[in-house]
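Q: Take this structure first; my questions come after.
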Amino acid sequence: MAARGGINAKGEAVPQPVKVQRYWPGRAPKGVKEYLSSEEEDEEEQHFEKQKETELITSTYQIEISEQEAASDRRLRRLREAKNAGHETSSRRRRHADEDTDEASRNIHKSEGIDDEDEDDITSRRQRLREHALEQRRIEEEQLKAQEEAEKARSEEQQTRKLLKPVFIPRAHRETILEKERLEKEAEEAEEKRLQALEERKKESHALVAEQIQKELTKTVDEETGKVEVDDTDGLDEQAEYEAWKLRELKRVYNDAEIFNDDLLFDFKSRENEREEIERRRQMSDEVRFKEDLERARKSREEKSKGKYRFLQKYYHKGAFYLDTDDKLFKRDYTEATPDEAAHKELLPKIMQVKNFGRAGQTKWTHLADQDTSTKDSPWRQKLKRTNNARDDIDRSRKRRTRDRN
Amino acid sequence: MANRTVSDAIAVHGTNPQYLIEKIIRTRIYESLYWKESCFGLTAETVIDRAIELTSIGGQYGNQRPTEFLALVLKLLQLQPAKEIIIEFIRQEDYKYLRALGVFYLRLAGTSLEIYQYLEPLLNDYRKMRQRLPSGDFDIICMDEFIDNLLREERVFDTILPRLAKRHVLEENDELPPRISALEDDLEDDLPE
């Protein structure tokens, strides 16, 4: 919008401010209208004209300000002035409407001008467009027709194919089922066969391993013993086996009969004897029995040989256990001198006649009998002789005590 | 199952039956391969299969390894089968090692009277058995010798046998008839000659 001047009520020229083009949201900017197509433009123009008229009507009815009012009120006066100044109003909305009407009117003028000039041109263009549209429609129709025909042909083809009559086949005669069953059966059999083979193979390998182990076992036994394996099969020589048993059995019977054959302690030959002996001893008086016990003890002591000990020979105790076994080890004479003690120690110098001579454990003792203090002439056996002095001492202390008491 | 004695076991000689095998040997058995492999989950019935497979009797051998026989004895002690079963073990004649097993078990767990009753008749059984010696060698021992050992010895196969009442004591109490040897007739025949 170009700058333009105006004349106020007093006839003075008032410069109008330059109207800056402003963008309003939702409203098309100025320049766009010029490019609108002619037909639309026409419609737009008509619309605008209608709007303008209404705007104008709505704007005219309100402002009726008298002179008196204007004189009394400054604001009213100013309003009147503004009204008089043509289309300029205080209302923003009014102003905008005004601008729009200005614009529209100008456009109308312009379009009217064009109509006048190129009416023939437009009609020819319209003709062209119409022809073009018709052409388009024809083409579309043709395409549609072709499609329909193709579909028709296809459906006809389907109808012409001959359909077989469905025949019912019972389940037992249906080939597919029979085939299926046969296949299943075959698969089952194959599986069974496979399992059986597997089982057999397992058994075979098991037997093989067992055999191997057995072989190894016997082998190790042989290696350990270094001789042929002991055979425990019976009845190889029945007679010999029986005879061996008979011998053992006889031994057992004999042993049972002489269960108390330990003649070291008792002179019993059998259980019968033992019972008799018990009875006999029960008849005795205590003194007689005691006497008999002593006698038996003395006898048994005499029976045991003390053995011959050499001078300074070491003593080894026989021990009390396992003496009833038939082992040779326990029947040895433990009183004999060991080989390293066999020397004649009585020939040695006096100083060497001690135990463990020259060793850390050497003692001054030779043997117990040498150190015997139990003889009658030993000093320990002598009666103590009281000296006079000692008696005097005792007497004196006694006298002192009695005197103190008194 | 593990190595526990069955829960309903009755104390034998006032103790857990398994304790009749000494602790150290028991432990060695528990650690032995035979115990773990072949004695797991056995019952009084399946023990028979193992006993039939036995090829020797004995205590410990080699590097103090317990024999399979001893392992089965321990198994029986653990299971504590009924007395009838053990007696059946002893009565049957087909498998001598099964009989030996039953005999040994009865000697450990039975009363003196039972032992004399069921063991003495076997003194007439002179079948040969393989015995594993402590050195690992094998030796032949006859059934009657084995029984005789059980009746006389205190210690057989590295196991302390429970005390056995003297035979004459039981005889005097009229609990046991005097033993009559199978050779008695022969002896009587021999005497007059």
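Yeah, the Cβs are placed from backbone N, Cα and C, and that goes for glycine too.
Not measured: the values here are computed from a predicted model.
OK, TrEMBL features for this one:
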type: REGION; residues: A:1-166; note: region 'Disordered'
type: COMPBIAS; residues: A:37-46; note: compositional bias 'Acidic residues'
type: COMPBIAS; residues: A:56-65; note: compositional bias 'Polar residues'
type: COMPBIAS; residues: A:71-91; note: compositional bias 'Basic and acidic residues'
type: COMPBIAS; residues: A:103-113; note: compositional bias 'Basic and acidic residues'
type: COMPBIAS; residues: A:130-160; note: compositional bias 'Basic and acidic residues'
type: DOMAIN; residues: A:156-373; note: domain 'Micro-fibrillar-associated protein 1 C-terminal'
type: REGION; residues: A:365-406; note: region 'Disordered'
type: COMPBIAS; residues: A:367-380; note: compositional bias 'Basic and acidic residues'
type: COMPBIAS; residues: A:397-406; note: compositional bias 'Basic residues'
Q: By a Cβ-Cβ criterion of under 8 Å, what residues six or more beyond either terminus of the compositional bias 'Basic residues' (A:397-406) are in contact with it?
A: none
Q: I'm checking region-level scores; what's the whole-number mean pLDDT for the domain 'Micro-fibrillar-associated protein 1 C-terminal' (A:156-373)?
A: 81
Q: For the compositional bias 'Basic and acidic residues' (A:130-160), how many residues does DSSP put in helix, in strand and in coil?
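A: Breakdown, helix to coil: 31 helix, 0 strand, 0 coil.
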